[in-house]
Amino acid sequence: MAGGGPPPKADEPAPHPPKDQLPKVSYCITSPPPWLQSAFMAVQLVLHLTCSSLLMVTYAILDCVLCNLSSTFGVTAEAILLGFQHYLVMLGTTVIIPTVLVPQMGGGNEEKAKVIQTLLFVAGLNTLLQTWFGTRLPVVIGGSYTFVAPTISIILSGRWNDPDPVSVRFLDSVSVRFKKVMRATQGALIVASTIQIVLGFSGLWRNVARFLSPLSSVPLVALAGFGLYEFGFPGVAKCVEIGLPMLIVIVVFSQYLVHFVKPGKDILDRFAVLFSVVIIWIYAHLLTVGGAYNGKSPKTQTSCRTDRAGLIDAAPWIRVPYPFQWGAPSFDAGEAFAMMMAAFVALVESTGGFIAAARYASATAIPPSILSRGVGWQGIAILLSGVFGTGNGSSVSIENAGLLALTRVGSRRVVQISAGFMIFFSVLGKFGAVFASIPAPIVAALYCLFFAYVGAVGVSFLQFCNLNSFRTKFILGFSIFLGFSIPQYFNEYTAIQGFGPVHTSGRWFNDIINVPFSSEAFVAGILAYFLDNTLHRDREVRKDRGKHWWDKFRSYKTDMRSEEFYSLPFNLNKYFPSV
């Protein structure tokens, strides 16, 4: 035999056999972390290090709340602190999207603060609904960049240029246009939610997911993470003196120090995000007060300074978001169809997010019926986004799925606690605005790790496939390559020309074509799914696809572990069984 050593014996087991569940996860989906006094001390240290009076008050409130939760519900300090980390991580998208959209809608800092509060509040509700009645996976349901393009099309519609005289009489000049655009966005989201509600609760998506194999899941899940590369280092480079140290510190804390500091290994590993954010946030604040950015361009100051978000002054002390707070939604057929396409793209991307979260939570492969149920509840999430007026749709937070990997904690309880933080800080606006003012390059540095983790778990499904098959190589290579190449063409064309390759007088039609082909995960996932189910198939090919590994998890009857992970609470499985 040319090259290498002697081949392994026929009866010798593989050195790394495929695993139905991811090993070495500290706490799986059904096991909340135990009490850890040092974790509670860590949150006290973190809040005191910031030297902020608002955070001191926040700590006093949290101290009381945490003690009551611990004694009443058995919620542990470690779980609470891990949940707070999930809250911090999801703040990135929650702040970035309104920061981009609200000024274009015609709103100011006050409107931006209210939209962020609303998005936080709805994200908390949707996360609780998904973890209780949806897939029951530890996923955060937050804002999605997929809905930004159709929202911008609504903003650019010419019918907002001439304000209604009746509206002007009751509204100030700044909020007239903002509220009218927001109402149109609400109407489009409400209509768009029906596509996921119908596909999910009718079981149609279950029938689609039954043909999903480990092979076709690889491009979908991998590009759900890797496809978000534009939000990684490009965001770090907007203020490299903050972003790069953050990237280095988070890697050192999570990957290196844990091997040298044995007594506090678990603390450094699980709370690396919290420690690194506080350290770099203080460092950024010192640069700001020290005058490092005086005289710099407005763009640099916005990215680097810790006092330029404008959220703390604009946010109200206490405000509870409520349905139709911007007024009655308005409806336009074209805008609704464009938003429905964005909702379908988000559905495909979220499917990859659900699969990644199931793996990092050390659960078995998600049954198609459970996936369909989760899609239905995600449709409810988009409906609530439209009803409350977040200005954006909802989908699985990919960055929070990556945080499951970094902490090795896939507990459902932790994510439910993070939903409590979302609702708590959305109501107490001033306190939530403090954390929402974290500079964007710090968040972008975190994305470099989290998106990479999600991409890596997608690649890990290759362990179930035959990599010596030319069929496998073609499907993988072709779908992943075009998954990067086609969106790159669409995005580059849009950046240069100011509009997408499909450019007609109907913006809604343009979005129906341009939005799906601008999503890496959508293109790669759909292409891999199509090729895997249409190319030559026989019994041997079935094994090459890895389909036989997932067949036993199709329902509770074939594997009892699925019932342990995905069964509904309150004995609801009696009425909503896994089919």
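Using the three backbone atoms N, Cα and C, a Cβ is placed for every residue, glycine included.
Bear in mind that the values here come from a model prediction, so they are computed numbers and not experimental data.
The transmembrane segment annotation in TrEMBL covers 39-62 (among others).
Long-range neighbours of the transmembrane segment (82-103) within the same chain, counting only residues 6 or more positions beyond its ends whose Cβ lies under 8 Å from a Cβ of the stretch, are 33, 43, 111-112, 115-116, 119-120, 123, 140, 142-145, 148, 151-152, 155, 178, 270-271, 273-274, 277, 309, 311, 391-392, 397, 399-400, 403, 407, 409, 411, 414-418, 420-422, 425, 435-436, 438, 440, 443-444, 446-447, 450. According to TrEMBL, the transmembrane segment annotation covers 82-103 (among others).
Per TrEMBL, transmembrane segment is recorded for 115-133 (among others). Residues 90-91, 94-95, 97-98, 101-102, 107, 139-143, 311, 315, 319-321, 325, 373-374, 377-378, 380-381, 384-385, 388-392, 394, 412, 415-416, 418-423, 425-427, 429, 432-433, 436, 568-569, 572 of the same chain, all 6+ positions outside the transmembrane segment (115-133), place their C-beta atoms under 8 angstroms from a C-beta of that stretch.
Annotation source TrEMBL lists transmembrane segment at 139-160 (among others).
Outside the transmembrane segment (181-205), and at least 6 residues removed from its termini, the chain residues within Cβ reach (under 8 Å) are 105-106, 147, 150-151, 154-155, 157, 160, 324, 326-332, 335-336, 338-340, 342-344, 346-347, 368-369, 371-383, 385-387, 389, 391, 393, 579. The transmembrane segment annotation in TrEMBL covers 181-205 (among others).
According to TrEMBL, the transmembrane segment annotation covers 211-231 (among others).
The transmembrane segment annotation in TrEMBL covers 243-261 (among others). Sequence-remote contacts of a segment are chain residues at least 6 beyond its ends whose Cβ falls under 8 Å from one of its Cβ atoms, and for the transmembrane segment (243-261) they are 235-237, 268-269, 272-273, 275-277, 279-280, 283, 406, 441-442, 444-446, 448-449.
Per TrEMBL, the feature transmembrane segment maps to 273-293 (among others).
Sequence annotations record features per position, and here TrEMBL assigns transmembrane segment to 414-436 (among others).
As annotated by TrEMBL, transmembrane segment applies to 442-462 (among others).
Feature annotation from TrEMBL assigns transmembrane segment to 474-491 (among others).
Feature annotation from TrEMBL assigns transmembrane segment to 511-531 (among others).
Most Cβ pairs under 8 A with the transmembrane segment (511-531) among the ranges 139-160, 211-231, 273-293 are made by 211-231.
Most Cβ pairs under 8 Å with the transmembrane segment (139-160) belong to 414-436, among the candidate stretches 211-231, 273-293, 414-436, 442-462, 474-491.
If one looks beyond the transmembrane segment (474-491) by at least 6 residues along the same chain, the residues whose Cβ comes under 8 Å of a Cβ in the stretch are 215-216, 218-219, 222-223, 227, 230, 462, 500-501, 514, 517-521, 523-525, 527-528, 531-532, 535. Listed as Cβ neighbours of the transmembrane segment (273-293) (distance under 8 Å, sequence separation of 6 or more from its ends, same chain) are residues 42-43, 46, 49-51, 81, 84-85, 88-89, 241-242, 245-246, 249-250, 253, 300-301, 304-307, 403, 406, 438-439, 442, 446.
Listed by sequence, the residues of this chain that lie at least six past the ends of the transmembrane segment (211-231) yet keep a Cβ under 8 A from its Cβ atoms are 145, 348-349, 351-353, 355-356, 368, 398, 402, 444, 447, 450-459, 461-462, 464-465, 472, 475-476, 479-480, 483-484, 487, 491, 519-521, 523-525, 527-529, 531-533, 544-547, 549-550.
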